[in-house]
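J.: I grabbed these lines from TrEMBL:
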{"type": "TRANSMEM", "residues": "B:20-40", "note": "transmembrane segment"}
{"type": "TRANSMEM", "residues": "B:61-87", "note": "transmembrane segment"}
{"type": "DOMAIN", "residues": "B:63-266", "note": "domain 'ABC transmembrane type-1'"}
{"type": "TRANSMEM", "residues": "B:107-128", "note": "transmembrane segment"}
{"type": "TRANSMEM", "residues": "B:140-159", "note": "transmembrane segment"}
{"type": "TRANSMEM", "residues": "B:187-208", "note": "transmembrane segment"}
{"type": "TRANSMEM", "residues": "B:215-238", "note": "transmembrane segment"}
{"type": "TRANSMEM", "residues": "B:250-271", "note": "transmembrane segment"}
Amino acid sequence: MSTLALSHAPGQSRRMPQLLIGLAFVLTAIFVVAPLAFIFWRAFAGGWAVYLANITDPLVLHAIWLTTLVAVIVVPVNVAFGIAAAWAIARFRFPGRKLLMVLIEIPFSISPIIAGICYLLLYGRQGLLGPWLAAHDLKIMFALPGILLVTMFVTAPFVAREVLPLMQAQGSEQEQAAVTLGARGWQVFSRVTLPNIRWALLYGAVLCTARAVGEFGGVSVVSGSIRGQTNTLPLQIELMFNDLNTTGAFAAASTLTVIALVVLVIKAVLESRR
Amino acid sequence: MTAAAAIKPKRVLPGFSLSLGTTLLYVALVILIPVIALVLKGAEIGPARFWAIIAAPRTLAALRVTLTAAALATVFNAFYGLLMAWVLTRYDFPGKRILDALMDIPFALPTAVAGISLTALYSANGWFGAPLTGAGINVVYTLGGVILAMTFTSIPFVVRAIQPVLEDLDPAMEQAAMTLGARPFAIFRRVVLPAILPAWLAGSTVAFARSLGEFGAVVFIAGNLPFKTEIAALLAFIRLEEYDYQGAAAIALVLLLFALILLMISNLIQFRAARHLEAR
């Protein structure tokens, strides 16, 4: 609306918008599109056959499997957490509510490297629980549980921060009406709340998945990067890149890039539905 | 406040203890206890040793590299983000939706993938590296590379902070200013800027925090030369690999402190802005 009114107003230069739009395109092409396009260009530099050989390398396949396993476990856990947190914070008033909201956002502003160090200092051999874990023969660091925990930490806010603002904006009248009409707790949730928040929930889960499969800093601290065992896909990419297998690294990276692009497509579709 | 208290709903809705209990348990186990472990381990170090670690020349150099690169990346993104938010909310043009979607790429793309792509792109045989190297400019393995990587990963924060505010801004104010003869730049400075300033500052603060902690994108392109391009997060990582847990904990604590201060600042800016809006 405002666009029309402003651009036809007297005294405003017509060239300014064109200049700004042009600048926006050029800068975005240099800083966003080029790095993105380069991944595919480099991945297919050796042709399809080389690409397929790189993707089906046993170590890459194992890394893909491990990364998928991490996502399959972490995402449902964080979806459940996100729903619980949004329900508690949006539907009830209690002391410390604001503080809880800030605490949930913490992983978002802390470097994943710090998250990894925190977990190492808790569960590692020299960590607070290290002696106890060693005495009970439990291995969390440099094994799957450590990777899962750090990934949970890093992706914890994603579902909550999508669902919470929506639930706050929607208010609780419908749910209260359902309760008054005699609906039970789970009925209220599945018949009233869930249909209202499903798109935000889906988008949060998709973002959480993208972040979980791409997590690098935190996982590189706690995984120990054991080839063929605890190497997730991003760690495998690092390994190949440092081994000067650049084409292989970009082939593996292209799979994660496709996931990132799918996230953006889903976001665009969901936004046009709103 | 009184109004909020008056309409405070009676707890007709079920699931308060279940949802809050689950949330608190998860926050405690996954977020709080590990962070407390870092603080406790940091306290074990003792002030003298802690100071020795932080004041060591290599640590100070790493912190200086991190802060400098993050500051420069944030300045770039503050203006690039403002430009993008303005263009995406104020003009209609072909390709607008794609441009808008592209703003989320750095958010969705794994940092390690961004790291290897930027490194290869700007290395001597890359698309940008070849002409730049020909002109005598090196990006890879320099501070410029660190800044570039931090810039890429923090692109979305400023745009996405300003966009909703610009969309909500009443165009009547700008039209009134225009009718009164204000020039476009004066309108921007006097009408638009005050309205978007809190969001702009908050977004830039988050971008700065993100850049300070960035690891995956930076380690590939930085070359990680101590005293030159070694960032603090990487130095903490190196200390871990040397089994110097105290060194790692001390550096991590400093970074954690930075992150928490920036989180507080950004929350404060948004809180004050929200209160200001309600007061109007």
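These residue numbers are counts, starting from 1, taken along the chain as shown.
Each Cβ is built from the backbone N, Cα and C atoms, and glycine gets one as well.
Source: prediction; values computed, not measured.
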J.: Tell me whether the transmembrane segment (B:140-159) sits in contact with the transmembrane segment (B:61-87), defined here as at least 3 Cβ pairs under 8 Å among residues 6 or more apart in sequence.
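T.: Contact between the transmembrane segment (B:140-159) and the transmembrane segment (B:61-87): present.
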J.: Would the transmembrane segment (B:187-208) count as touching the transmembrane segment (B:215-238), i.e. at least 3 C-beta pairs under 8 angstroms with sequence separation of 6+?
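T.: Between the transmembrane segment (B:187-208) and the transmembrane segment (B:215-238), which are separate recorded stretches, there is no contact, as judged by 3 or more close Cβ pairs.
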J.: Which residues, given as numbers and ranges, are at least 6 beyond the ends of the transmembrane segment (B:61-87) yet have a Cβ under 8 Å from it?
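T.: For the transmembrane segment (B:61-87), the sequence-distant neighbours (Cβ-Cβ under 8 Å, at least 6 residues beyond its ends) are 54, 99, 103, 143, 146-148, 150-151, 154-155, 157-159, 161-163, 166, 196, 200, 203-204, 207-208, 211-212, 214, 226-235, 251, 254.
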J.: Mind checking which residues reach the transmembrane segment (B:20-40)? Cβ under 8 Å, same chain, six or more beyond either end.
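T.: For the transmembrane segment (B:20-40), the nonlocal Cβ contacts are 249, 252-253, 256.
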J.: Give residue numbers and ranges for long-range contacts of the transmembrane segment (B:187-208): same chain, 6 or more residues beyond its ends, CB-CB under 8 A.
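T.: For the transmembrane segment (B:187-208), the sequence-distant neighbours (Cβ-Cβ under 8 Å, at least 6 residues beyond its ends) are 70-71, 73-74, 77-78, 81-82, 85, 154, 157-162, 164-166, 169, 173-174, 177-178, 262, 265-266, 269-270, 272-273, 276.
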